[in-house]
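Notes for the one structure printed next.
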Amino acid sequence: MSVADLVAVRRASAAQQRAENRTLTKLTIGPSPWARAGALAALIVLAALWLVPLAWGTVTSFKHEAEAALPASWWPAQGWTLEAYQQVLSNSDLLVWMWNSLVVATLVTFLTVLISAMAAFAFSQTIFKGRGLLQWLTIASIMMPGQILIVPLFRQMQALGLVDTFWGIVLPQVVAPVMVFILKRFFDAIPSELLDAARIDGAGPWRLFWTIVLPLSRSILVAVAIFVFIGAWNNFLWPFIVTTDPQFMTLPVGLSTVKNAYGVQYAQNMASAMIAALPLLVVFMLFQRRIVQGVATTGMGGQ
Amino acid sequence: MRAGGSPGVSRRDVLRAALVGAGGIALGGSLAACATPSAAGAGRPAVMIWDLFSGGDGALMQEMVAAVAAENPDIRLDSTTLAWGSPYYTKLAMASSGGRPPEAAVMHMSRLAGYAPGGLLEPFDLDALAALGVRQEHFAPAVWEKAQYDGQLYALPLDTHPYILFNNPELVGQAGLTGADGKLDYDAISGTDGFLAAGRAVAEVTGETGVGWGYLRDPAGCWRMFWGLYTQNGGGYDLVPGRKAELDVDAAVEVFEFLQEMVDGTVAARNQDGGAASGRFMSGRAGMMFSGEWDLPMFRDALPEVGATPFPTIFDQPANYADSHAFVLPRQAHADPAAREATYRVLAGLLKQSMTWASAGHIPAYQPVVEQDAYQELTPQRDYARAAEIAVFDPDVWFSGGGSDFQNRMGDAMTDTLSGEAPPRTAVDRILREMDRLLSQPNPA
Amino acid sequence: MTVSNPSITAPAGKAPVRQPAGAGAAGGTRKSLRERDRSGYLFVAPFAVAVGFFLVWPTLYGLWMSFTDQSLTGTGSEFIGFDNYAEAFSDPQVWETLLHTLWFTVLSTVPLVLVALIMALLVHTGLPGQWVWRMSFFAPYLLTSAVVSALSAWLFQPDIGLLDTWMTQLGLQPIGWLTDEDVAMFSIALVTVWWTVGFNFLLYLAALQGIPQQQYEAATIDGAGGWRRLFSITLPQLRTITGVIVVLQLLASLKVFDQIYLLTGGGPNGSTRPILEYIYDTGFTNYRLGYASAISYVFFALILVFTLVRLMPARKEA
């Protein structure tokens, strides 16, 4: 498919979307232009309110430090500057933490999706002794709020020598019984004719899992992965407990634990926050549709 | 959110898979590298120092660390500044109890009682220190005494840091508060009425407020202010674990009456925290400023001529709240003799850099530096050096100390009163209630 | 309880998952051909090991710790029976922080559901700018608590913060957003709504998109106006998802820690400290791991009771 074709398909799809939206508008608020204007105004006000904190943080981050500490103004008299960003990037471990976060979130996502999918496959497509008990245990563990385990888990990590290691941060996060059930429900719905045909052809469970179940479940796997990744990237409490060495801290922990040595610097604070916020915001802009869909399906999945 | 509506998904999936794959390879590499952290710097002992100097003084500590690193090229020396207060001490305890503690850390001497008995720290080897030219006679006896626990030295004192009054000489001059030497007249700001009058006079000059004091979101600052004034007012205390706390209620109420009068919007702003107060002082919207001397570098950046005096004697007896920073050795699970030897060298080196530390405003504990002429000529440091003589420290009980939960609780207990929403008596009652609660708890260390 | 419990496995009907064709059909024949060998164990093993190691073991170990006086410093690990529990039940801080947690849960859950609903209804009108609306409402959810706290602390900054500046410009008294005991929890709830409402918004939006358009068309032909359609078609169809969102939200709010710890540290005067922070403070700041474990279990018991109570009606319906 050439680029021109792709663009054409895109345009057609966008046009179709617009038509659908117009229909939707008619169906929900009817033909009255006043009602439409009212709804639009409400949306604009809400969206503006929701963007103020980010906008204000961005503005501050581009101010000179001295001006940031003056009473609030949206337009700095001394002009804009990248000073705060330069300071933060050269004087702090921000990039180290960002890398740590990437490593941790990627590992958590990969391991969670893998072991959850395998377990879901076992529950959905195989029969073994103790399966009922294990499934019951999995459901029961959904109710266990991990946050209350911080004290014994910290002790356990100390005993294992995993405090201040990536594995110490990652491993306790890969237990996601909810994801097992989301995936199991999906695997249950795979047409049995497909699986039976493969079984008759002599395919073993590994081949079923890798060549039929996983490829057919790509959309749900991506959804789960997105959800797990966002959660792991932003997780604060556990990484905060299990890291004391700043070199192993993730972004949220490093940002809130390590301070700069030059006193309160509002512009630099905001520059750090903006840099920390950027990766997921950019990813979101690129893959909005997928992420919205992934979060919506997975978020409800536990129910 | 119509699923499958976008035709570009499959291509993007491939792209993303490639990205994830590449990330995975890089990841494997980095994990392998992390598995053997010592391999990288084999032979050169690594020394990490934690500090909590997130005020302007942290920059000077970094300068000292850089100087010591230059003197000791065979040591990989690094320092990290963590969030001040409770979080710092919590992290330090967690690291010492079995994480990766730093080789050395800075601590308030007032916190020693909570750390040394629990085995979170290791004592110093006096012979090793002496070999590096650091001996008992180099410290004031009272300070050396405070650094001991159970007959051993657990803390290597770095400084005494009082809570003082800064001033903007130009503004206090215009307000007619300077003496013949052109410096703020200490007597002109003494006594409750004297101080408030001085504050109003300065406020008239600035057109806004007289003195900066950021009490909001700074419980430790509130506590320093209160405890210093309370001692000035003759207040004593009886804090014995297992019993009820005893304070001089009348003396405490008088302190809060004064503070409420001060935070009236003219003498001091009603609604400000430390950052805002500093901002006011540095931009000339307040002519005086209550703060720790550690803020000197920050203030001097904005006001090169900034002056300072000991805490004004607002009540009867001169007293100045202060604490002491010291170096400690967190317990290492696997002590490395080479790293330990390097740590001693680094700490001795840092003490000898105390002149730099003095420029941060702190009064060095290492006397050979204080006795130098160079130190005696530092301004405004010499103008408040007297503060060390009238220093009053935190009450002597296991839960008190710089950055402790105790200070948070005390500071929180007085916020409503300071902001004028509750009468003075409320703060005193709350303080007593919190003290009672802490006294009833077992000492966990 | 078996897997057929509808509360767990019933397909969330309106979820926009691409269900493969023939979903759920012909379950009977499949069963006969499922693997009967040991492969099931192999597939479930990694997950089972992880659960055993990082969920079951710490749960049991924590339970044991709660009967000891274990300290972070390593001193003392004596079995002391129910002493910790006795102390927890008479410790006013436990009840105070528990109350703060519940208060926060109420303060945050109501707007988190209502605002999300309003947002979703507005966006579902199909008005132009879909991309912008979704981005604006959901973007904060992608921020980590540390960034959210930094941004909001800066907004709430006394004297020079944006909100206080606005208040002053409007001729109002500045508010002690995070410093006034009566206000701080509201401020934290406000931040939380800003931060996480996007998630509930997406759930509502997904549910709205699952409502068949024919229903609206039929109603339009019957002459039902916009409000009428909202109340007679849209809202009734959202009843199930609202139940789901409320429960998810309650459970999430009960576990609040990050934003409170980072914004106020539990202050002013302990007025915002949630129970999880008390557990953290007790165990790690004050070294009392044994007692912290006991408080954890008291809290766990309450969550468990809550969870079981809400499972009850689901069972009855089945």
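Even glycines carry a Cβ here, placed using N, Cα and C.
Taken from TrEMBL, the feature region 'Disordered' applies to C:1-31.
If you look at the transmembrane segment (C:40-64), the same-chain residues 6 or more away from its ends with a CB under 8 A from one of its CBs are 293, 296-297. Among the features that TrEMBL reports, transmembrane segment is placed at C:40-64 (among others).
The domain 'ABC transmembrane type-1' feature in TrEMBL is assigned to C:98-310.
Long-range neighbours of the transmembrane segment (C:102-123) within the same chain, counting only residues 6 or more positions beyond its ends whose Cβ lies under 8 Å from a Cβ of the stretch, are 130, 133-134, 137, 185-186, 188-189, 192-193, 196-197, 199-201, 203-205, 207-208, 230, 234, 238, 242, 245-246, 249-250, 253-254, 256, 260, 272, 274. The feature transmembrane segment is assigned by TrEMBL to C:102-123 (among others).
Within its own chain, the transmembrane segment (C:135-156) is flanked in space by residues 119, 123, 162-164, 177-178, 187, 191, 194-199, 201-202, 258-259, 262-263, which lie at least six positions past its ends and keep a Cβ under 8 Å from the stretch. Per TrEMBL, the feature transmembrane segment maps to C:135-156 (among others).
Counting residues 6+ beyond its ends, the transmembrane segment (C:183-206) has Cβ neighbours under 8 Å at 14-16, 100, 103-104, 107-108, 111-113, 115-117, 119-121, 123-124, 134, 137-141, 143, 145, 148-149, 152, 156, 175-177, 238, 241, 244-245, 249, 252-253, 256, 259-260, 263-264, 267-268, 271-272 in the same chain. Annotation comment: TrEMBL describes C:183-206 (among others) as transmembrane segment.
For the transmembrane segment (C:238-257), the residues of the chain that approach it from at least six positions outside its boundaries are 12-14, 101-102, 104-105, 108-109, 112-113, 116-117, 192, 196, 200, 203-204, 207-208, 274, 276-277, 280, 303, 306-307, 310, judged by C-beta separation under 8 angstroms. Sequence annotations record features per position, and here TrEMBL assigns transmembrane segment to C:238-257 (among others).
Annotation source TrEMBL lists transmembrane segment at C:289-309 (among others).
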Other parts of the chain folded back onto the transmembrane segment (C:289-309), taken as Cβ under 8 Å at six or more residues beyond its ends: 62-63, 65-72, 77, 80, 84-85, 87-89, 91, 94, 98, 250-251, 254, 275-276, 278-280, 282-283
